[in-house]
Amino acid sequence: MAKSHLLPWLLLLPILCGPGTAAAITYSLACAQGPEFWCQSLEQALQCRALGHCLQEVWGHVEADDLCQECENISRLLTKMAKEAIFQDSVRKFLEQECDVLPLKLLAPLCRHLLDTYFPLIIEHFQSHMNPKFICQHVGLCKPRHPEPGKGPEPWGPLLDKLALPLLPGVPQAKPGPQTQDLSEQLFPIPIPYCWLCRTLIKRIQAVIPKGVLAMTVAQVCHVVPLLVGGICQCLVERYSVILLDTLLGRMLPQLVCGLVLRCSSEDSAGPALPALGSVPGEWLPQDSDCQLCMFVTTQAGNSSEQATPQAMRQACLGTWLDRQKCERFVEENAPRLQTLVSSGWDAHMACQALGTCAAPFSPLQCVHSPHF
């Protein structure tokens, strides 16, 4: 009888202890390889208790190759997200709602048609064709590499073949531009600003992608190390994750999507070209208005109890200088995360940095400070 009660626990024991034990043994053996293995990633440095060595001897400065590697890592993460059915459904529903609230009602059916036609193709392309190395070369974070002998051209071709634009009259085919003037006038009473519409939808997609959550997920590993080292770890995460996510989402999506689907010029779809590697100008950082909105809402709710914080944030949106609709949308999307950060002792600026709406200057000497560092 005793055996029958003991058996389930014996079966559970490998599940509860096995992975951690096996991982510890694996890392113990791997750490014996020395610094070359320790400093390949933050996780390996922590597991081998060599974070201090890696910070001082290997990670002391941010080089162009570091940015390239981090860009590729984040691109793989975003591409993986694009493959998730739940994420696709959320983005699709969100964009359909955005189509319905466009200021010019005439554009709503066209916007829906744009989604119906091209959303599945773009998702399929990200799933099967998009290469992180190519993405990061395209946005200027990796140096261009010459194609290896025997390999085909860079992966614009497959999507361009599919997006022959058979269903969208009036799309510019030869000379790209912000509007479809002098095209398809017999079908639409006004020129249809396809590139503007594309840019508008792409910017709204960025609100669905949880930049702050992704950066905070990376930062979770910092909590398993001593406080001082944990603060340095948080500094590294701030330097890489949030800045690169802002860069990739703000520059990559308009260039890749609007440039491919509608042949919008880079000036129309993504603003000026990216600067050379090694410099990260202030324009890469989040817009001041978004940062100010986050700071204001968080500050106004800072003195409230944990239960009253969401209501206090919504009340803050009644401020006369705020865009109320934008503020309420921001609170709806971010209140739970902000509440968690504020209740943990983070001030408004730190919380908004972690959320991704505010960012510190990109400098090895200036990092976000957690309550413990």
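Cβ from N, Cα, C; glycine included.
Among the features that Swiss-Prot reports, disulfide bond is placed at C68-C142, C71-C136, C99-C111, C195-C264, C198-C258, C222-C233, C291-C358, C294-C352, C317-C327, with the record citing sequence analysis. Summarising the annotation, Swiss-Prot assigns domain 'Saposin B-type 1' to 64-146. Annotated domain 'Saposin B-type 2' per Swiss-Prot: 191-268, in sequence order, evidence recorded as sequence analysis. Residues or ranges marked as N-linked glycosylation site in Swiss-Prot: N73, N303. Under the heading signal peptide, Swiss-Prot lists 1-22.
Feature map: Swiss-Prot annotations on the structure.
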residue	record	contacts (Cβ under 8 Å, 6+ apart)
N73	N-linked glycosylation site	P132
C111	disulfide bond	E98, C99, L102, L197, L201
C136	disulfide bond	C68, C71, E72, S75, C142
C294	disulfide bond	F330, N334, L338, A348, A351, C352, L355, T357, C358
(request) Within 10 Å of each Cβ, count the other Cβ atoms, then let me know which of the disulfide-bonded residues C68, C198, C352 comes out lowest. (result) C68
(message) Quick check: of the disulfide-bonded residues listed here (C195, C198, C291), which one has the Cα closest to that of C317 (disulfide bond)?
(response) C291
(message) Within the domain 'Saposin B-type 2' (191-268), what mean pLDDT does the predicted structure show?
(response) 57
(request) Out of the disulfide-bonded residues C195, C198, C291, give me the one sitting nearest to C327 (disulfide bond) by CA distance. (result) C291
(message) Measuring Cα to Cα, how far is C198 (disulfide bond) from C291 (disulfide bond) in Å?
(response) 24
(message) Can you give me the Cα-Cα distance between C195 (disulfide bond) and C291 (disulfide bond) in Å, rounded to a whole number?
(response) 27
(request) State the count of C-beta atoms found within 10 angstroms of the C-beta of C317 (disulfide bond), not counting that atom itself. (result) 20
(message) These are the disulfide-bonded residues: C195, C291, C327. Which one scores highest on other Cβ atoms within 10 Å?
(response) C195
(request) Kindly assign C294 (disulfide bond) to one of the three DSSP-derived states: helix, strand or coil. (result) helix
(request) Please report the DSSP secondary structure of C136 (disulfide bond), reduced to three states. (result) helix
(request) Provide the number of Cβ atoms within 10 Å of the Cβ of C142 (disulfide bond), excluding the reference atom itself. (result) 22
